Structures are given as structure tokens and as C-alpha cells.
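Undergrad: Okay, handing you the structure first.
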Amino acid sequence: MGLEALVPLAMIVAIFLLLVDLMHRHQRWAARYPPGPLPLPGLGNLLHVDFQNTPYCFDQLRRRFGDVFSLQLAWTPVVVLNGLAAVREAMVTRGEDTADRPPAPIYQVLGFGPRSQGVILSRYGPAWREQRRFSVSTLRNLGLGKKSLEQWVTEEAACLCAAFADQAGRPFRPNGLLDKAVSNVIASLTCGRRFEYDDPRFLRLLDLAQEGLKEESGFLREVLNAVPVLPHIPALAGKVLRFQKAFLTQLDELLTEHRMTWDPAQPPRDLTEAFLAKKEKAKGSPESSFNDENLRIVVGNLFLAGMVTTSTTLAWGLLLMILHLDVQRGRRVSPGCPIVGTHVCPVRVQQEIDDVIGQVRRPEMGDQAHMPCTTAVIHEVQHFGDIVPLGVTHMTSRDIEVQGFRIPKGTTLITNLSSVLKDEAVWKKPFRFHPEHFLDAQGHFVKPEAFLPFSAGRRACLGEPLARMELFLFFTSLLQHFSFSVAAGQPRPSHSRVVSFLVTPSPYELCAVPR
């Protein structure tokens, strides 16, 4: 075929692609569609978004276009929701119409399919309801909200304190130990066992989980999801998600070993055994979501979502304690101290721990009601850390209206949770560490309506009760046994952040001195 023959063919292909592009963006011309930057042909707004720091990019776009603005990511229409009013209206008031998830073809390489979508990314329908109901009831049966699970967490907190004590007051980075402790709680729930902190397979699993979450952001990943044909190119999606793929392979080994110890005649000891029991009951039902492929996805969801978010929050908590010694210890800060000044802080974590719990008895969830200052500090750590700035994407299942704008069926929705947690109209000091956000004038704990670190609505994080328990028991146990400080002669760490899918504190070291 000569070049002369290729020219008409190229023109036909170009015209076809332009028509497809116009077909996907025609809704932008509809009345009351949210405003946004002008999309480029084919690419849409892919080049307008900094996927390495999406929250900052969205903040700039919000300043230009308002709380509800639109994007076109290749052929995918997207609406970004900012501020408490828009997020609550979409996720709560119109929750039934916004509870779906958009297609995610990139995850097919991980084994995602019609009957194996896990819980977090599952389409809104019978399979999601089945798995959500199963997860909630199983966690409750395993002791969530009861003394049995609380005992698992307090035992792990004791192991974590022992590992901190092994540092003998020397400077160290706490992140790795925090990851191990939180992951062991998830391992106990899902596999009925805990790992030693130096177990090679355990360390490998944690490394893969950390690297896998980093794959949740980036330009190429967004392109693969926005153009459905691209994930079918051999090895392309596998390369982008290679750490998540390796993580699931490692998880498969643990699940295979666990199956060998499962006795169907005995009550389930953990979530995996409860899932296998459901799978046996569902034999012969082709529509059931209880199958081997979905087991690995469900357990993987719990590991990835439950481990890194909680451990990152604890890492923020310890950093903020060494930067705000008055909040940690409840003492007057010397006039020359650069931390907060010369006032006596009304929030004193260790003083409250000593008054309510003492330094011998282990903390219990029952103590929380009598510890408003500590509870306020933990919530302010979540508020200030703002570790999940963007919620998991939603999709409209019918035409809806939000804040006066018309959003068509099939539109991807992104909730900018950071815009709610940093809303200057709601928070007195949104960009400063200020535990008083969660205390009233009488010193009682209060939770502002704009505190939404776990999102809101039908797809709000199902692990929120577990996360609250872990944060309170781990944080109080550590502050009960140790005083934390910057190592002598080292520069004071900063509040600076590393932004990816999660927002983590910049690497820092601390000293844990037994009290």
C-alpha cells in the first residue's frame, strides 16, 4: 500500500476519533453543567492535572471555577466536588444515586472481574451489598466493638511498646514499627495469626503494600483508566501495577497455607474462614461473589486500606507530639522555645493518661469517654494530617443536581475531602495543629460536622470503627510508656508532606524515652 492510499485512511481514522471525542464531551454544552478548563481533543484535561499532586491542582482549579467543577480525562467525564455542602449533598442527600463506582479496566490484570471486585471498588449492586454485609457482620462476630478484638489490639500495642523500648532511647524512624503493629491486627482478623516483626515474608508483604499504594497515583495510571482499550495491551497494565500484583501473589501464598488449617466443622476463627464457609454454602450459585478470586481481593482490600492509613495517622501523631511538647506533656514551654510560646496548653495528653489510666494498667476503649483531651488530639491528628485528601471515585447512576449544577448519569465523581478538612469557613485554624477544634468551652469532646476523614454516605469506609479503636489504643499506649522528643543536636522536623495517593509526613527520627 502506497503513501497515497494511507492518507485517506489516516483522515478517516482522524475524523472517526474526533467524532468519538465530540460524542464523549457533548454533555459539556448542556445547560447548568459544571464549569471547568477547556479540554483538548482526545486528551481532554489530562495535561491540565498534576497527578503527582492532585489535591493542590484541584485547589487551584477550585479557585477558578468554584466548589463544583468539571474535567474531561480523555473520554471520561469527571466532576470534582469541593466543600462540605457539595460533598454532603452528593454523598449523603443523593447517596443512592452516587454510590456506584466507575469502571476500572486497569485492575483486570489483578484479577478483577464481574464476580471478583472486592468491597472498595465494587460496582454498586447485589455483589457489593453481599460483601459489605458480610464484612461488617464478620468483623462484628470477630469482636469489633467487643473485648475480644480490643484484647488483640492491646496485646499488639504491648508488642509495639516493647519494640520501641528496644531502641533504648536512640533516634529511629517509627514508621516501620507502626506498619508492623497495625498490619498484625489486620492479619489477626483475616488470617487468625500475627507475625514476628522480623519475619521475612511479613516484611516483604509490607514493602509490597507500601509500594503498591504509590501506584494509585500517576499520569500513566489515569490514562489507562480513562482509555479502556489501553489496559488490554499486553503487559502495560501489569507494569503499572506490578507491586500490587506482587502483593496479591504474596497474599495468595498466605491464604493457601491458611486453607490447609481450616476445619469447616468448627466456627470460623477469622474472616478468611468465614468467607470459605460462605463459599461452600454458595456452591452451585454462579452469581455468588463468594469465590476464590474474590477472596484474595477482599482480604487485599482490608490489608491495603486498613494498614497504611492507620499507621500513617500514627506517624503523623508522633511527629506532632515532638513538635508540640506542651500538648504531649502538659508543661509550660520556656520563653525561648520555638514550638508554641509561653502559655500553658489546655490539652495535655500524658497528664490525662496518668490521671485516668495511670502508668501500669493497659488502656481500654472504656477510658476514651473520660479522656476528652486525648480524643481531641487524635482527631486533630487526622484533621491536620489529612492523609486521604481525595475520596475513592464514585459514579452517578442517574442524572442528578448538586449545588444547582446538572450532573448526567455515568459521570465520575471525585470528592475533595481535603477541601472539607481545610475549609476556612468551618475550622478556626485549618492549617495549624489545633486540638481545640474538637473541644467545647467546657473542655468536652465535640466532633464538627466537617470532620470527614472516612468520607460519608453509603460508601463510607467500613473499617472506621476498627481504625478508631486502633488509633486510641496504640496512641495512648505509646504516650503512656514513652516521652517523645527530637534527638539532641538534630534539627527540628517540619510539618512538610509527601503527597501521593496518601499524604505522609516527610521522613523524620525521634527518641522514645521510657517514662
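Cβ from N, Cα, C; glycine included.
Here's the feature list from Swiss-Prot:
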- Cys461: heme binding site (BINDING)
- Asn416: N-linked glycosylation site (CARBOHYD)
- 24-301: topological domain 'Cytoplasmic' (TOPO_DOM)
- 323-515: topological domain 'Extracellular' (TOPO_DOM)
- 3-23: transmembrane segment (TRANSMEM)
- 302-322: transmembrane segment (TRANSMEM)
Undergrad: Pop the Cα-Cα gap between Cys461 (heme binding site) and Asn416 (N-linked glycosylation site) into the table, whole Å please.
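TA: The Cα atom of Asn416 (N-linked glycosylation site) is 15 Å away from the Cα atom of Cys461 (heme binding site).
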Undergrad: By a simple count, how many Cβ atoms lie within 10 Å of the Cβ of the residue listed as 'N-linked glycosylation site', its own Cβ left out?
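TA: Cβ-Cβ neighbours of the residue listed as 'N-linked glycosylation site' within 10 Å number 24.
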Undergrad: Near Cys461 (heme binding site), which residues of its chain come within a Cβ-Cβ distance under 8 Å, counting only those 6 or more away in sequence?
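TA: In sequence order, the residues whose Cβ lies under 8 Å from that of Cys461 (heme binding site) (at least 6 apart) are Ala305, Phe454, Ser455, Ala467.
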